Structure formats: C-alpha cells, structure tokens
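Written below as structure tokens is the structure these notes are about.
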Amino acid sequence: MPYTRHVIERGSSLSYVAKARPPTVTMPRIKALTTGSIPGFIDVVMNLNSPALLEDNLIWQAKTAGKKIIFYGDDTWVRLFPKHFMEHDGTTSFFVSDYTEVDNNVTRHLDSTLKRDDWDVLILHYLGLDHIGHISGPHSSLIQPKLLEMDDILKKIHGALVSKEADGSLPYLLVLCGDHGMSETGSHGGSSEPEINTPLVLISPIFKRKAEMEKPGVVEQVDLTPTLALGLGLPISQNSVGHVIPGVLEESSLREQLRFLHLNGHQLSCLLKDSTPEYEKETGFEQFRVAEKAHGSWMKLYLEGNTSEVLTNMGKKVLKQYLEALAAMSSALSKQLGKYDMYSMIAGMVFVFQLLLVLLLAMPEALSGSASVDLPVLSSLLSLPFYLLCLFLASVHVLVCTSAESSCYFCSLSWGLVFAAVMFVFKLLNRLLGKASILTCFLLFFQSPQISSGSEWMLSELDVLLLAGTVGHTLSLAASSFVEEEHQTWYFLLNTLCLTVFQDVCRKYFREQRGSGDEEEPILSKKSQTFSHSGSDIYSEKWLALATPPFTLLCCRLLRSLNQTGVQWAHLPDVGHWLNSSEHKVILSLLSAFCLGLIYLLVQRRCSWVSKVALAFGLVGVYSYRAAVGNVLFPWQHSSRTTSKGTVEARFVYVFILGILFSGTKDLLRSQIITADSKLKSKGLWEIYSGLVLLVSLLFRAHNLPVLCCCLLIQTLMAQFIWKKLHYDAAQTTIMHYWFGQAFFYFQGNSNNIATVDISVGFVGLESYVEAPAVFLTALSTYAGPLLWACHLVCYLSSERDRSPVAVGHGCYCLALLRSVPAAAYIVLVTVLRYHLFIWSVFSPKLLYESMHLLLSAGVCLFFITMEQTQPNLTF
C-alpha cells in the first residue's frame, strides 16, 4: 500500500497497533468500537443474526446530536443500528466466497458521496480482504491486489477531503482501522497475536507532519471510542472502558487536554462505582481524585492570569496524573469484563444437573433387556413432597427476583415457563430416586461381557482404561493448558486404546483356551478349528486382526502431522500447508483423486446399485468442484486457469447426495411402517451414512480428504476384525467410537479456538447468504469427525445379527451419557473459574464448542432412537 505508507511516514497522521479483545469476530468488534465495552462470547452466537444494539454507543450519541451519518458495507452495522443512518447500503458479510462484489458495492457510492456536503460522518466497511483470508489464507496471491485496491480507495477519499478543506472550516479526520486480525489459516475469532493486532491510522491536518517513519504505539481498540467521542464533541458512552489516546491531544492547548482527560476520568470513575463495591480502594480511583484536586488548583491559578513557568510545570504534572489514573481505571474495568448474573447461572447449573441425574438414574432400565424407561408423569402430580418442593422454589424465586438490584435473565422469563421446567424435572426425580442407586448404575454400565453368569463381577483392562480415560479427560478440563491442548489428551488416550486392543487381540489368538480345559492352544492348530472357514481364511483373519491396531496407530500418527492445532505449535508448518502451496498442486490433485477413489471402495459395499452409481458420480463432482475453485487440477487443465465459485459443480453433487439420502430414508421408513424387516432397516441406515460421507467429502478441503479416508478405513477394519471378533459389548463399542470421534475432530485441524471454524464451507453451492443452510453446513463440517463415528456406531450396532435387538438403544444411551457428563462438569468449572485470567480466551470458547457438540449429539441420538423403536417407551 504505497500511498498509505507515504501518509504514515511523511503525512499529518498518527499510527498505532490497536489490541482487540477476544472474541475477534465482526459483531463483537463493532460493539467494542462503538460502545467502548468488551463484549462476551455469547456475541459469537449473536453474530449470525445481530439484534439492534440498545447499549449507549457512539452512533446513537452522534444521531442524537444531529450528526448526519452515511454507511456503506457490512450489513451488521445496519442490524445493530437500525434507523440511525441517513443513507445506507448493506452487503452480507457471511457469503465469504465473494470478495469482489462486496467491495464494489461500497466503492460505487464513493464518487457521488464525496462530492456532497450534506453529511457529517461517513462509515465504510470493506469485506473483501476478510473473505480472501477465509477462502485461501493470509498468504494468498489475491491479498496483494486487494491491498492495492484498498490503497487506491484511501487515496481517493483523502484527496477528496483535502480538496474540500477551506479556511475557517473544521478540520477533517480520516480513521483507517480493522475490526480484527487474521490467523495463519486465514480465520479469526481467537486470541492469538495475529488475530488481536489491528492497524489504526488517524489522518488529520491538526496532527503534526512527520519527518520520518516512527514506530507505531500500542493502544487498546476500545480507546478509539472515547477519543472519537471527545473529538466530535459527544458524550462518552456510559459503559466505555477505554481511555483517550494521548497522542491525539498533543496539538491542543494544555487547558483543553486537561479538560478532555477530566471528562474521560469522570466517566470511568462513575463506571467503576457502579461495577465495583470497594471502588474507593482502587488505585486508579484514588489517583483520579488526587489529579482532580490538583486540576482545580491549576485552574484557579490559570483564571487568575498566572503565566509563570510554575503553572506550566504544574499543568504537566496534572496531565501525567490524569493519564496514570485513566490507565489504571481502564485496566481495572477491563479485567472485570462484565457483571455475572449468578442467580441465573446457579439456576441453570441446577437444571442441568437435574437432567443429568435423571439420565443416570434411568441407566438400569435404559440398559436392560427391553431398553425401555417408564416415566409416569401424571401420578407424580399427586405427591405431597412435590408440591412442598415447588412451593419452596416459588418463594425463593419471588424473593430473589424482587430483591435483585441488577437485571436477571432468569427473572425476565415468564413465570409459567420457569415453573413448568422446574415441575417437570422434579416430577421425574420424585419417581426415579426410588428405583436405582448410582452404584448399581455404574456396575451395570461397566460389566464385562466375558464374565459368566456364575462368576464374580470384575472389570477388564479395557473397562479400566475406558473408565479412567473418560473421567481423567473430564477432570483435565479444569486446567487452561489442557483445554488449549486438548487434542494431545485425545491422541494419548487413542494410542493407549489401540495398545490395549492389541493386547486383547494377542490374548485371543495366542492365549485363548480351548473348551473347558486349562491347556492353551494356538489358533494355528487346524485340528481344533470348528469354524467353517478354510485354514487360509483363518490365517489371514488372524494377521489382519493383529495388524489393525498398529495400522490404526500409524494412521493417527500421519494425521497428526497433517494439521497443526492447539496453541503452542499451531504456528508451525504442517503437511496441510505444504500440500496447499501452489508448487505442490499436482501432488494434492493426485492425492485427492486417490482418496476419493478409496472412499468409493469403502462406502459402496453396503449400498444398492442405484446408490453406488449416485455415489460414483457424486465423488466425480466433488473433484470437479475442487478443480473449479482452484484447489486441484485436471490432467488437461493449466494451473493459470481462472477459478470460479464452483456453484454449478457443488449443486451437481447435492443432487446425488439428496438422491442417496432419499433412498436410505425410504428403506428406513418402509422397515418401520410397512414391514418390520431388520435387513431393510440396516440397509437404509447404511445408505444414509453413505450420503453423509459424500456430503462431508464435498465440504472438506482437498488436503483434508485423507482424514476422511483414514476414518472410513479404520471403521471398516475395526468393525470387521476387532469389535465383532472380540465380542465387545455395546457400551465398550460406544466409548471407543466416542474416543475416535473426538480424536478425528482434532485431526481435521479443529481446536477449542473460534478461529479454526472454517465458515467458508457454509457457502458451498450457494450464490448468496442463506442463514439456515450456511449454519448447517458449517456445523456439519466442523463436527464431521464425531458425527461420522456416532452415525457409524448406530449403523454397526443395527447390522450385527448376533447382537441384542436393543443394542442400538444401549449404544445411543451411552453416547448421550458420555456427552452429558463432561458438559455438565465443565459448566460447573466455568462458573467456578469465572474470574480466571483466561476465562474469555480459553474457557468460554470451549464452552461454546461443548454446547454445540452436545446439541448435535442429542439430535443424532434422538433421530436414531426414534427410528429404532417400534413402540413408545415413555408412558404417561
């Protein structure tokens, strides 16, 4: 950006590095820039459909003061500030495949708007650079042309402002800033240095012209809010935690500087009083009071006409005291980040743990031979303890809601909704508490299938590992380092699981006892074989079973090198970066073609011939889509070919995906409504699973296709040679699927950082932003690993003929319990650690991931349990 660099080096400008606070996504950053407050991570969710901003903000203050505001760009501004702009033209910020029209839609208004004199504030929010980052990363060849385009636009705006400058008119102010940065993968939302560091350039004739390039200072992004408010002659927003940027005031008189600092200090001190009970003990507040008194003494001397050097030195001392006080108060307020609604948080925790307790107490019935849970609801209404409990809760709720000094979300809900939820949960507890104990539940849950009916109950080595690993992972969530590097925990658990399974395989094939005797006989002895297979088949089966755990370990090790994730080593180059470089596009093309072929071979086995044809054409369409967007090449295609959005190719694949899903759903419904055919039901489930695999292959980036291949290959080998041959029960198989799903979540390149969410997949095959499919596709791509393993679990349990007909119900119940326990425990941990230093940068993003994962898992379990049951299990 040559012109911008020239202005920064030689022009009348000030340049800074503005530090943004996480979450570094658009809507929270706009709120921070206009209100001066620090948004929470709930704004990440609200970013999808931003409501009107009701908090005191700079835009509202400007409109109230009669300022005429024009806006062009990201329509998030229009949703946050409806009816605030004299003129506006918004463009959707979520259609990241477009990095040209979104900017042209802003630029086309510039020439006419800059010639007009009927506006006071012009806001432009360009999106192209951000979209390029999402599509191809910060090192894309598209970045430089886009920066030059932005440089030309800045030159045009600056030139127009300079030409309008006249004697006696107020000086202009041109602000160039970013709402957030960009990670090494091109995304944002987390707290890494590239994501929180944003440029801030202030250009105005009131600033001193520079003689050479100066090192930019470092400020907080929220400091821009009070600076602009004072510059425009507006009140500072009530909840602003920023302090005025000192460099902006340097050319003002000493009296004006002290007045501006006093206004900012008064606003911060009032905010500190409202948010901190012991505000008088705060260092910044005490410093402000001292500076305020010294300022009064200075003003008295100034008004008396004193012009001595003593007055100047005294004024500089007061100025320094103000700056120190503002910095201290701003820091204290920033650390608080917000007020916690403890009543609602505690009520939410109680509700979550009541549901978890209901789930635990239902375990004996859920894992019984009938897999049915009797929940009589109406009979509990006649219970006297139930009414006494509801009366007690009602009195507590009324007492809290009528005496609370601050607003409470739980109190704002309708009373009918609150008591309906409480009544329902305690109704279930009142019935289930007398049915089972937690100890009995755990005994049933971890009972080994290899124990005969007359033997004493005990845990196998695999049961101990699964129990210890699940509990250990839950406890590890209390440490920020373990949350940041959670993938290391799952990699370790998965490797240990493979070694334990390998031990079970060796025990079966080398130490298995024959008959009722004590002598151990190798399985290679054909005399002892009672199987119908030939000796060569048994020999091959044995060695394939022995090779499966080591092969799984090898695949996991290779996948770890594909995508660097976490925090500590996320910046290091990985195989994915190497494959995505332009020099290795041919290798990536060959790898993608091989992976798509292998996916077809692994998936088509259980499909009908119609679905096989659809799957083949669909996978060809996937490769065509990747070639259209420039990720891979056809043999006859030159690398310099102009890329497209691939909309036609993606829609071509969607047609075959819908066809496969329709075929599977038809078979599934026929097995449920017309005839109770287990084979037809199993066929329908596998076809739905095949359609899901085809959709994931379309959404995955080209370098991530090996992740999908390894997932399908491990599932095939484990199902054929491990779970079936070693006779693992539904609970053990479920936990293994769950562990594999968690590991593959991180193999994809995901982490507990918002920045690793690839939102570009939400627009595959779309020409404009449509919220529902965009959210669905993004969620599906992000949680593809856990979802594929959960769906494979149901398909596998349904297709096994030698298993109990209620195995699917057992498996889905165990999966629900595996997701519920860590989620409930993490809610408690986040509440207890709400004042932790990393609560917003580490624990809050993880809570969002846990919530979304729990929601998706609940949807999978609900769907497949509904398909599995032939009669309702809940009686009312």
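For all residues, glycine too, the Cβ spot is worked out from N, Cα and C.
TrEMBL labels come from automatic prediction, so no person has curated them.
Here TrEMBL flags 343-363 (among others) as transmembrane segment.
Among the features that TrEMBL reports, transmembrane segment is placed at 375-400 (among others).
According to TrEMBL, the feature transmembrane segment maps to 407-426 (among others).
Marked as domain 'GPI ethanolamine phosphate transferase 2 C-terminal' by TrEMBL: 458-850.
Taken from TrEMBL, the feature transmembrane segment covers 464-483 (among others). Sequence-distant contacts of the transmembrane segment (464-483), counting only residues of its own chain at least 6 positions beyond either end whose CB sits under 8 Å from a CB of the stretch, comprise 446, 489-490, 493, 496-497, 500, 732, 735-736, 739, 752, 818, 821-822, 825-826, 829, 833, 836, 838, 842-843, 846.
Here the transmembrane segment (586-603) has long-range neighbours at 579-580, 615-616, 619-620, 622-623, 626-627, 631-634, 690, 693-694, 697, 702-703, 705-706, 708-709, 712-713, 716, meaning same-chain residues at least 6 beyond its ends whose C-beta is under 8 angstroms from one of its own. Taken from TrEMBL, the feature transmembrane segment applies to 586-603 (among others).
If you look up TrEMBL, you'll see 615-636 (among others) marked as transmembrane segment.
Among the features that TrEMBL reports, transmembrane segment is placed at 648-664 (among others).
What TrEMBL lists as transmembrane segment is 774-799 (among others). Residues of the same chain lying 6 or more positions beyond the ends of the transmembrane segment (774-799) and with a Cβ under 8 Å from any Cβ of it are 48, 94, 606, 678, 681-682, 685-686, 688-689, 692-693, 695-696, 699-700, 707-708, 711, 715, 719, 723, 730, 733-734, 737-738, 740-745, 747-748, 750, 757-759, 761-764, 766, 807-808, 810-812, 815, 852-853, 856-857, 860-861, 864, 868.
As annotated by TrEMBL, transmembrane segment applies to 811-835 (among others). Here the transmembrane segment (811-835) has Cβ contacts under 8 Å with residues 340, 345-346, 348-349, 352-353, 355-356, 359-360, 363, 366-367, 371, 445, 470, 473-474, 477-478, 730-731, 733-735, 737-738, 790, 793-794, 797, 843-844, 846-847, 850-851, 853-854, 857-858, 860-861, 864-865, 868 of the same chain, all six or more residues outside its ends.
Non-local neighbours of the transmembrane segment (847-867) in the same chain are 41, 44-45, 668, 672, 681, 685, 752, 754, 779, 782-783, 786-787, 790-791, 794, 808-809, 812-813, 815-816, 819-820, 822-823, 826-827, 830; each lies 6+ residues outside the stretch with a CB under 8 Å from one of its CB atoms. Positions annotated as transmembrane segment by TrEMBL: 847-867 (among others).
If one looks beyond the transmembrane segment (648-664) by at least 6 residues along the same chain, the residues whose Cβ comes under 8 Å of a Cβ in the stretch are 607-608, 610-611, 614-615, 617-618, 621-622, 624-625, 628, 683-692, 694-695, 698, 764-765. Averaged across the domain 'GPI ethanolamine phosphate transferase 2 C-terminal' (458-850), pLDDT for the predicted model comes to 83.
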